[in-house]
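Asks: Per TrEMBL, compositional bias 'Gly residues' is recorded for 142-160. Per TrEMBL, the feature compositional bias 'Basic and acidic residues' maps to 459-478. Annotation comment: TrEMBL describes 17-106, 252-335, 367-451, 492-558, 587-667 as domain 'PDZ'. TrEMBL lists 105-162, 459-484 with the feature region 'Disordered'.
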Amino acid sequence: MVQFLGNPGANGELVHMVTLDKTGRKSFGICIVRGEVKDSPNTKTTGIFIKGIVPDSPAHLCGRLKVGDRILSLNGKDVRHSTEQAVIDLIKEADFKIDLEIQTYDKSDDQQQQQAKGDPRSNGYMQAKNKFNQDQMTNNNAGGGQGMGQGMNQGQGMGGMNRQQTMQKRNTTFTASMRQKYSNYADEDDEDTRDMTGRIRTEAGYEIDRASAGNCKLNKMEKDRDKEQEDEFGYTMAKINKRYNMMKDLRRVEVQRDPSKPLGIALAGHKDRQKMACFVAGVDPNGVFASADFKPGDEIVEVNGNVLKNRCHLNASAVFKNVDGDKLVLITSRRKPNDEGMCVKPIKKFPTSSDETKFLFDQFPKARTVQVRKDGFLGIMVIYGKHAEVGNGIFISDLREGSNAELAGVKVGDMLLAVNQDVTLESNYDDATGLLKRAEGNVTMILLTLKSEEAIKADKEAEEKKKEEAKKEEEKPQEPATAEIKPNKKILIEIKVDKKPLGVIVCGGKNNHVKTGCVITHVYPEGAVAADNRLKIFDHICDVNGVPTHVGAMTTLKVHQLFHTTYEKTVTLTVYRADPPELEKFNVDFMKKSGKELGLSLSPNERGCTIADVIQGQYPEIDNKLQRGDIITKFNGDSLEGLTFQVCYALFKGANGKISMEVTRPKPTLRTEAPK
């Protein structure tokens, strides 16, 4: 979309508005550079110019942008005096649309003729196939103009064949600041086109970001005007204002860090989640910044040469902790109260100062606090290592003889848990050494004296010895009358019966579906087993009164008689309780006729309904698949676990038609030897 504002000026200039929409595309398709236009031999106009347009991009398809156009404003912000990086940041911060105020100049006759002939450079770009056509490039540069891809001079190169004729008609020559090895214009007045990635050291020896204001390049005129002496980070207000000329009310804030006090600032991000910024959300009146020129809503763009602009506020917290030295120098931009930006409301109340290291004494009860006077050095060396007792951490590796640390009671091998209020429990070596270097005066350290490897080995041996003794204690025979049945172990128990029936249903036998063991599937509440309250459903009975229950050699009737015999006083049983229970499940489906009984005698329990007896001849499906001791757990999809006899009777009595039953049957492992 293109909207024209104004008419051609005296020099053939035209100002118009262009709106670019990159919806569905990666970029707007324009490349920019800071350059200048010579209006006459004695005057020139500087600004941001378009140096390239990507084919088939929004900038190309709009048809109203070309190489050499000057950008006056972007999204309503005046960029005539902005740096190239500042305009790039504005474009990155924009959403899918940008509004450009463009100043363009009339074309020379040669340019118009070339465009009429279908010159591939029309609309501000050159097709890729012409980039490598040396003959055409030579002709285009015959008048001294530079070809496409050589920087911003491509604006004049489009009419370079008859440059003298062009200059007679319009005495306007377009040049740009370029970093060329053999350029005649590479002097101190050129714009800063250096690589701004990575780090660099200042004259004072401090490491800063290349993109920092401390590394900003001033031209000769700006240097003459700037009378301020650079600080250790290279800052002057002239550099700061030039680097961040698009930002409002720039300030340089300097504070001295007090190791005994927290910084006392709360940080917040940009309310637009597509943008990243670091705002001051609040200032603690008891913190280091309480007396500084710091207010909620200020945007922090740098600290000690570390650029925070366009960075997440969470990263800024780590930067504040890791900066070296006691001096903090910040560059801030103060915004008006109604300016959009911070994602939260200003924080006015801060919690009362609390000891952030208190939890260390809860986690390590034997930790101790040591205060060491730092007179130039502490006299300790640390390493990052691992200890068998506490794992990874920072440890004291060496002490200077006669140092304050040695006199204060610091020992080699101690684990360093905190320095002043900074916890080092999860710190790496660089973080820990940084804290120790920055600490001044009386340094408070929290240390933990750990056991030596020999002591740890002795403790392990003592612990293993205790486990062996406990294991032997468990293996001692228990009193059968009171022995506790433990999972996956054979336990001998004695049950007092006094001629009372045992009161259980069991399954197993050589003519039974269960041929590997005798298993309890129901306990009657009035029997002796229920009164003893130790045996449970699915317990495997390995022998009765010392006689093995090898069911593979016993009929179902004989197994049944073992548990229905009347014993005089007591009966002994060897029990094995499998965990998890050894079971199998299957379904029985058949058609029940109205008025015809199922032929099953049932005993409900917590597992379902145990079959106490089967009347043969009622339903062949039941006769062939079910037996005494099977447990019906579901009837037509309804669970029977824990139901009363009356409810189960009603379900079985009232059902007609298709019947589906889920049946659970013990399937024990063979644990008794066959008789010889």
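Any Cβ shown, glycine's included, is placed from N, Cα and C.
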Asks: State the residues, same chain only, that lie 6 or more residues beyond the ends of the compositional bias 'Basic and acidic residues' (459-478) and have a CB under 8 A from a CB inside it; answer 'none' if no residue qualifies.
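Replies: For the compositional bias 'Basic and acidic residues' (459-478), the nonlocal Cβ contacts are 451, 484, 491-492.
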Asks: In the domain 'PDZ' (252-335), how many residues does DSSP call helix, how many strand, and how many coil?
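Replies: Counts, helix then strand then coil: 14 helix, 29 strand, 41 coil.
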Asks: For the domain 'PDZ' (367-451), what's the model's average pLDDT?
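Replies: Mean pLDDT for the domain 'PDZ' (367-451): 88.
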